[in-house]
Amino acid sequence: MFFIYFCSVEEADRSRWKSIRVMYFTMFLSSVGKIFIHPTINHNTIDDTADASFLGWVVAAYSLGQMVASPLFGLWSNHRPRREPLVCSIFFNVSANIYYAYVYLIPSYNKYHMLLARAFVGFGAGNVAVVRSYVAGATSLKERTSAMANMSACQALGFILGPALQAALSFIGEKGYTLHFLELKLNMYTAPALLAAVFGVINILLVIIILREHRVDDYGRHITAINYVSEDEVEVPPEVEENIDQIAVLTSNVLFFVILFIFAVFETISTPLSMDMFAWTRKEAVLYNGIILAAIGFESIIVFLVVKVISVRIGDRPVLLSGLAIVFIGFFILLPWGNQYPKIQWADLQNNSIPAITFAANAANGTVEPTGCPPEQIWCQYTPAIQLAQYITSDILIGVGYPACNVMSYTLYSKILGPKPQGVYMGWLTASGSGARTLGPVFVSQVYTLLGPRWAFSLICGIVLAAIILLTAMYKRLIAFSVRYGRIEE
């Protein structure tokens with residue numbers, strides 16, 4: 001009898017970890033799909049009226065779609081098997097990618113259809129809340145940090161491989177091929193969307209075939225799930241009806257918003273900052289910053305693996321606090337110092353040594369791309385230049401601090417929520433992150449462009465410092481549900 005009981009427990013654990021790995025793969029494909037579409041929207045071959053300003057809205061549409069969908073899918077997952085919202089959201093994502101690939105066939109208003117397609121892709125990505133809630137509910141407190149770190153590592157790997165696959169598909173070219181029987185243009189812009197759709201179909205099959213509902217308590221014992229009951233089932237103790245600390249929940253959402261906001265700013269500001277400070281051309285800025293972001297992606301994977309070990313020894317909160325401190329130092333280093341100033345665009349043309357007709361000819365035929373800080377940005381004339389060494393050092397530090405903060409914030413959040421279904425709460429957390437990614441580029445376009453890096457990075461340092469103070473003030477409340485009610489010692 002004991003042998004049968006042991007085998008059933010072992011089989012249930014094997015099924016549980018297979019399902020968790022499907023969630024890892026879902027998170028990986030979600031990040032790959034986001035990166036796939038992102039570079040392809042930066043062209044106006046679909047609609048000549050889609051200027052840079054409109055394309056900014058197209059980029060933001062993803063985060064807005066995800067912000068709306070996350071709580072809805074989270075609520076759905078609380079009351080029905082998680083397989084349902086997952087399959088629905090991935091199918092939504094697949095359909096949106098196919099829609100994007102056929103946008104060029106629509107006779108008018110193509111740019112608005114491109115905007116809708118991007119928003120629908122983001123809506124489908126609202127399943128991130130379901131993925132996080134599933135992993136949180138299917139792991140014990142001891143397993144939670146490691147599982148969340150693995151999931152974040154898969155997400156980071158998707159961010160790295162996404163641009164690599166995008167580059168590999170660019171060999172198709174802008175003209176590409178026409179598949180007449182499908183009325184489809186297969187080129188470097190539509191191929192990533194179609195490949196993302198294929199990945200989505202594979203993901204749906206894995207969810208249907210492999211994913212099973214599992215819930216475990218803080219000790220790892222199987223408890224009642226929606227469509228799966230283990231023979232090792234235990235009754236849910238009455239303590240689960242005790243209240244969740246809503247102040248701790250709100251604090252965690254604010255911290256998560258700050259963490260994603262500062263990284264969205266960092267990611268968005270890298271190209272204009274490097275062009276202004278180092279006089280790089282746009283092509284050079286995209287290339288070099290792409291290399292830097294890829295390096296940060298690899299660095300993040302290492303950090304996720306290290307965090308799994310460190311958090312076991314010192315706990316989640318110290319790792320989160322240390323990560324915020326490192327991010328603060330990273331942005332503080334970016335503050336302009338010294339008496340060297342950035343090169344101003346066309347500064348050599350301000351005297352009368354070169355005829356104005358020379359400038360006009362060069363600008364007209366496009367043979368010369370102006371480099372340096374644009375003269376319309378008044379701060380270029382009095383703000384010291386940021387040195388390349390400052391920039392790279394800051395990148396390295398933020399590449400360490402951000403992933404540590406990211407994984408610790410939602411790992412700690414899942415522990416604060418306790419054994420109740422976490423779909424809605426994870427939906428709000430994902431929505432706060434999406435809001436941060438939407439507002440980050442707006443912050444850059446307004447504060448950096450108008451006031452310069454000194455004001456921009458000073459404000460960021462102030463925001464991070466406020467987050468550190470908030471975390472310190474709420475430190476004792478940011479504890480696991482079971483620890484709070486004395487079931488487990490911290």
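Every residue, even glycine, has its Cβ placed from backbone N, Cα and C.
Residues or ranges marked as domain 'Major facilitator superfamily (MFS) profile' in TrEMBL: 19-479.
According to TrEMBL, the transmembrane segment annotation covers 22-41 (among others).
Among the features that TrEMBL reports, transmembrane segment is placed at 53-74 (among others). Residues 34, 37-38, 41-42, 44, 85, 88-89, 111, 114-116, 118-130, 133, 422-431, 434-435, 437-438, 441, 445 of the same chain lie 6 or more positions beyond the ends of the transmembrane segment (53-74) yet place their CB under 8 Å from a CB of it.
Residues annotated as transmembrane segment in TrEMBL: 86-106 (among others).
According to TrEMBL, the transmembrane segment annotation covers 112-135 (among others). Here the transmembrane segment (112-135) has Cβ contacts under 8 Å with residues 19-20, 23, 26-27, 30, 33-34, 37, 41, 46-47, 50, 54, 57-59, 61-74, 76-78, 82, 85-86, 89-97, 99-100, 103, 106, 147-148, 151, 410, 414, 421-423, 425-427, 429-431, 434 of the same chain, all six or more residues outside its ends.
Outside the transmembrane segment (147-169) by six or more residues, the chain places 20, 23-25, 27-36, 39-40, 131-132, 135-136, 139, 188, 191-192, 195, 290, 293-294, 297-298, 300-301, 304-305, 307-308, 403, 406-407, 410-411, 414 with a CB less than 8 A from a CB of the stretch. Positions annotated as transmembrane segment by TrEMBL: 147-169 (among others).
If you look up TrEMBL, you'll see 189-211 (among others) marked as transmembrane segment.
Per TrEMBL, the feature transmembrane segment maps to 247-266 (among others).
Summarising the annotation, TrEMBL assigns transmembrane segment to 286-307 (among others).
Sequence-distant contacts of the transmembrane segment (319-338), counting only residues of its own chain at least 6 positions beyond either end whose CB sits under 8 Å from a CB of the stretch, comprise 255, 259, 262, 307, 310-311, 383-387, 390-391, 393-398, 400-405, 408-409, 412, 452-454, 457-458, 460-461, 464-465, 467-468, 471-472, 475. Among the features that TrEMBL reports, transmembrane segment is placed at 319-338 (among others).
Per TrEMBL, transmembrane segment is recorded for 455-475 (among others).
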Confidence summary (mean pLDDT) of the domain 'Major facilitator superfamily (MFS) profile' (19-479): 82
For the transmembrane segment (189-211): best-contacting stretch of 86-106, 247-266, 286-307, 455-475, by Cβ pairs under 8 Å: 86-106
Intrachain neighbours beyond the transmembrane segment (247-266), with Cβ under 8 angstroms and 6 or more residues off its ends: 320, 324, 327, 331, 398, 402, 405-406, 409-410, 412-413, 416-417, 425, 428-429, 432-433, 435-437, 439-441, 443-444, 456, 460, 463-464, 466-467, 470-471, 474, 477-479
